[in-house]
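Going by TrEMBL, these are the annotated features:
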TRANSMEM  35-57  transmembrane segment
DOMAIN    48-308  domain 'G-protein coupled receptors family 1 profile'
TRANSMEM  69-88  transmembrane segment
TRANSMEM  108-129  transmembrane segment
TRANSMEM  141-162  transmembrane segment
TRANSMEM  193-214  transmembrane segment
TRANSMEM  258-278  transmembrane segment
TRANSMEM  290-311  transmembrane segment
REGION    345-376  region 'Disordered'
COMPBIAS  357-376  compositional bias 'Low complexity'
Amino acid sequence: MNATAASQQPQLQQIADRHDDQVAASSTTDSVHEALFLFAVAGAGIVLNAIVLACIFFCRHLRRMTSAFVFHGTVLDVIKCIFCIPFATSLLNDLEPDFCGVLGGSYVIMVTASGFNIVASICCEAYTFSEHNVGGDGRGSLCCVMFGITMVYVGSIIIHLGPTIIGGVFKFNEAIGNCIFKYGTVQSYVVHAMWIVIMTLSMVGAIYYLVFFYRHVQANSTHRLASLVRASIAVSRGNTDSQDIRKIIRESLSRTRVLILITALYVICWYPLFILTLLDPGFLQPPRVYRLLTFVAWSNGALNPLVMLLFDRNLSVLKRRIVCCRSITRCLRCWGDDDDDDDDDEMTDTPLMVQAGPSGRTGTLSRGSSRRGSLPRGLASAAVYQRVGCRLCQEGQSHPGTNCNGEAGKTGPMKRDSSMCELHTFSVM
């Protein structure tokens, strides 16, 4: 028996060595694939975020203070995508990256700043929409923007300074391949849990203000035209461009949907990893699951610009200009036109104040409207605008300016532009 066991021992050792070699080769192959995935996330994220930044720089209607938080969030996404490069390199070479503690701490701050920036973006959009409702320009100011961005970073650093940066342990985890909090120890679990609580509070604030903003827009959608007419007449004394009112409403609804998607995307990408971390304090689950959820979380910075380019009406102008660019002449004309509409359905819209034509009837139609059949949507909105404006003039709730009394000198030297009540009378004839 002893001789038989001795003869089988080398064979068993060879089988064990062969199995270890297969496991090592499989692990190496998985590390290469994961490193390539991180490189792809970094490259795609940098390119897509660069496109968003280019849109903000080169589109004149986007170069305003209210776009500062969108710009800032895009810059944060670029930085988070750049962080994927050293982590991918460490996976590819199976080496700990240099300055691992600095990488881990700074990445945690960037992720927290991104969450706070979402809250700031929602508050900025709500403030801008409220400013437009009372007749303001809603452009924001440099001081407000700088204060908001400063508070994002001050809040992120101060909140993390005690519980996470000083108390946390940022070490390279070979099983996962990152330099974030170490798993399996009580101290790191407590610090990690505090970070999750901080991010949850920021997401709760973002969802609260987002629901408030969305309800504010939707609850007044039925009476939105009347309230904006009142604001443009009573506050701006008729100086507000009525065509911009429809554009403001469309942009606000579009940006609201984009912010909802970005907030939902943040939760979808990060919270599976957060929930697993909270439910597994002893780091007993397979490291492959942690690594997969970590890669999903890191891809958030590359998905945000994709959502903005696909669903934001302000940024969709780039898509239309690329489609329009079929020749050098058309490219110059398309990229030089800053007054193009937000969407193709703008072709069916018409200015809310339709001036009477020479025959006394309202004769200004939109480019895509038809004179046959019922009134297009734009003319129906114009009729509502005129009816509400006429009622406000009759009730004395507006300043007796050009909207109530008409204005001379626009349609001819001896003619007078129609007042709001005259426009309403012409439209119902």
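Heads up, the Cβ atoms here are built off N, Cα and C, so glycines get one too.
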Original post:
Under a criterion of three or more Cβ pairs within a distance under 8 Å and sequence separation of at least 6, are the transmembrane segment (69-88) and the transmembrane segment (258-278) in contact?
Top reply: no
Original post:
At least three Cβ pairs under 8 Å linking the transmembrane segment (108-129) and the transmembrane segment (141-162), pairs spaced 6 or more in sequence?
Top reply: yes
Subject >> Long-range neighbours of the transmembrane segment (258-278), counting only residues six or more past its ends (CB under 8 A) >> reply: 111, 114-115, 118, 121-122, 125, 183, 189, 192-193, 196, 199-200, 203, 206-207, 210, 214, 285, 289-290, 293-294, 296-297, 299-300, 303-304, 307-308, 311-312
